[in-house]
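**Q** One structure is given below, represented as structure tokens, and several questions about it will come after.
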Amino acid sequence: MGVAQAGGARMTTHPRTSFALLAIFTVVVSFYLVGVQPEPLVVTEAFPAGLLAGAWLFVPRRLHALFFVCAWAVSAGIYLVLDRDPLVALGWAGAAVVGSAIVAHGITRGPERRAALLTEDDLRRFIGQTFLGSLVAAGITGALASVLGNTQWWVAALGVGVAHLGTYVVLLPHFLGRPRYPGVAPLAERVVQWICTVSFTVIAFLPLDLGPSLAFGVIPFLGWAALRAPMRETLVQFLVVATTSHAMTMQGLGPFAVDPDGTVLEAEMITVMYAVWVLACGLTTIPFSLAVGVQRRESWQSRQEQARVRQLVQSATGVAIIGTDAHGHIDLFNPGAETIFGYTSEEVLGLMPSVFLTHEETERVATLLSTRPTFVDVAYELASGAVESLDVDFLRKDGSVVTLQFSMSRIYSSDGKVLGYVSTGEDVTSRVKRQQALEEALAHERLAVENLKEVDQVKDALVSGVSHELRTPITSILGYLEMLEDGGFGPLSGAQVQALGRVKGNSNRLLSLIDDLLTLSRIQDGYLAVETTRLDLRDVVSTAGHEMLPALEAAGLDFTVEVPEEPVAVVGDAERLGRVVVNLVGNAAKFTDRFGSVTVRLEVDGDDAVVAVTDTGIGIPEEEQDQLFDRFFRATSARERAIQGSGLGLAIARALVQSHGGSIEVDSQVDVGSTFRIRLPLEGTLSVLEQAGGPPLEQETAGAVRRR
């Protein structure tokens, strides 16, 4: 059974035509209702205020003022045409228009500004606003009656208020949105119900002198319609009952007929009793029909939701979904669970899920959850939300083990009672195996890394030890070579001097390598001592330039050192920084062909002192530049040209520069040349050093040093 919601009464298809028809119908009904009132009654005309309120729902807000004036004028005209007193006509017409306006405005004040009977809030708003509109109309007519003195004010107020409220209950719901459902009664039952309701209404209003109590017997028949028929049909049936009873009453029939020989007060009271009877029928039928409609809508929505959930559960073939009752017996075993566990649902329904767990696995999970090693305790802990999910090993029907990412939760009723449990599990066996293999591989990798570290430490210790042991005999050899050159063991021939020179050169090269190894070892061990004194970096660069000048001139290279006129104050170790500059200049000379040039330039860049060593040598490929400062790395060009070197110079240079808080970088192009830049933080200005009592930094430089 489908259930939809109807919108408000404001029509969008041919609104002018609909409004015109409604206006004509309202005028006709008004003529009828006012015209059939028996004499001498002049107070409780059952003016169709419900139709007026429905008409208000069609009128755009911008036309409310115009409609108010027109409705008042037409209503008053009807009273005047039917020979009512002008003041009564104006007062009673105004009461109807004002009351209906209040009702129409009030029932569209909800959050969605809809005129509807769809929810309990709509019903409360409908009853509250119709009572308010009727009360206002009663107040207006009561005040006017008090002024005119043609009847008692409370009689006028009571008669008009109850009559208006009755017309609202009978007529206005037809203009409001309602739950739409086809009803549950078959056609034959509905026909019988119609016949019974109309027949009993006619019987109740026949002149049988059975009293008003018989008329209230109509209410169960209307309740029958509200329970079994659509709400629209129930409202129509109520309208038929009200119309039939009113027509018979106006003909002097039924328990509410007015005695022509009675007093005005008696006539008013009997008319009020009739309006109360109509209200009793309406305020029983409408809420009951609405409640049934809401219940059917919610029931339909619940069935739709259940169908969606059932479809989702049955279509989840990759996920095991197992449901149990409150006692833990399986009552749901979806196709995904059948696929994963190998059982059919018929095989496991009624069993406990513990059949899928070994005792060992139960103990393992209990340990993880810090609970007792029983299935009940483990299930209770999982369902309590202590963990969101857990990898659990389950037994399949064939005895194999499957690992599921498992979660469990309770199902509660609306009053908080536990109805059962639902568990979901996704097969993660492959993932767990991959994770275990990865963990094993990582463990092997860690062991290999530890072994490599140990080997590296042994190697470093060996290199350091061997270097120390080699330095002593090499120093001794160099000493004896100098004695031989000086003729300490007799005169030497030219060939012998030449041979001694080659031996001395190789010994110096070996001593330099040993010094590099020792320096690198101290740097790695953190034992390299760096003196921090205030110095002028121009002196360091100039000294290094003087030291390297003979070697570069001998190599046929144009060598230039450029320093600024102003001191460049840094804090550092002059010997270590000088070694870095010498190392970079020596590298530049080795990789620059004859007639090339090497330039050392010192300058200040912001808060840094920059020493740039530029050559016009063979350059370094871009893909090898990131490895230049690695230990023992030698560029491809150096190996191809058989240029001597240990591959330690740049690594030592970077370590020394970094120990001073600086950095070193390279910019090189093949066959164009290279530039190595050292950046060191400035210590301060000359004035600051002089005020601190430090030595003046301005010194003379000479040789191949050019001031800028």
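Positions of Cβ are set from backbone N, Cα and C atoms, glycine also.
The domain 'PAS' annotation in TrEMBL covers 305-350. Look at TrEMBL and you will find 388-440 tagged as domain 'PAC'. Positions annotated as domain 'Histidine kinase' by TrEMBL: 465-684. The transmembrane segment feature in TrEMBL is assigned to 19-35, 65-82, 88-107, 127-147, 153-171, 238-258, 270-294.
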**Q** How many of the residues that make up the domain 'PAS' (305-350) does DSSP mark as helix, as strand and as coil?
**A** 22 helix, 11 strand, 13 coil
**Q** Looking only at the recorded stretches 88-107, 127-147, 153-171, 238-258, 270-294, which one has the largest tally of CB-CB distances under 8 Å to the transmembrane segment (65-82)?
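**A** Between the stretches 88-107, 127-147, 153-171, 238-258, 270-294, 88-107 has the largest tally.
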**Q** Near the transmembrane segment (127-147), which same-chain residues lie under 8 Å Cβ to Cβ, leaving out any that are not at least 6 residues past its ends?
**A** 43, 49, 53, 87-88, 91-92, 94-96, 98-103, 106-107, 153-162, 164-165, 168-169, 172, 283
**Q** What parts of the chain pack near the transmembrane segment (153-171), using Cβ distances under 8 Å and only residues at least 6 beyond its ends?
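**A** Hits for the transmembrane segment (153-171): 43-51, 53-54, 92, 95-96, 99, 103, 130-131, 133-135, 137-139, 141-146, 238-239, 242, 265, 268, 271-272, 275-276, 278-279, 282-283, 286.
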**Q** Please count the residues of the domain 'PAC' (388-440) that DSSP assigns to helix (H, G, I), strand (E, B) and coil.
**A** 12 helix, 28 strand, 13 coil
**Q** Residues sitting near the transmembrane segment (88-107): Cβ under 8 Å, six or more positions beyond its termini, same chain?
**A** 42, 45, 47, 49-50, 52-57, 64, 68, 71-72, 75-80, 115, 122, 125-126, 128-130, 132-134, 136-138, 140-141, 144, 148, 150, 160, 164, 168, 172, 176
**Q** Would you report the average pLDDT that the model assigns to the domain 'PAS' (305-350)?
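**A** Mean pLDDT, the domain 'PAS' (305-350): 83.
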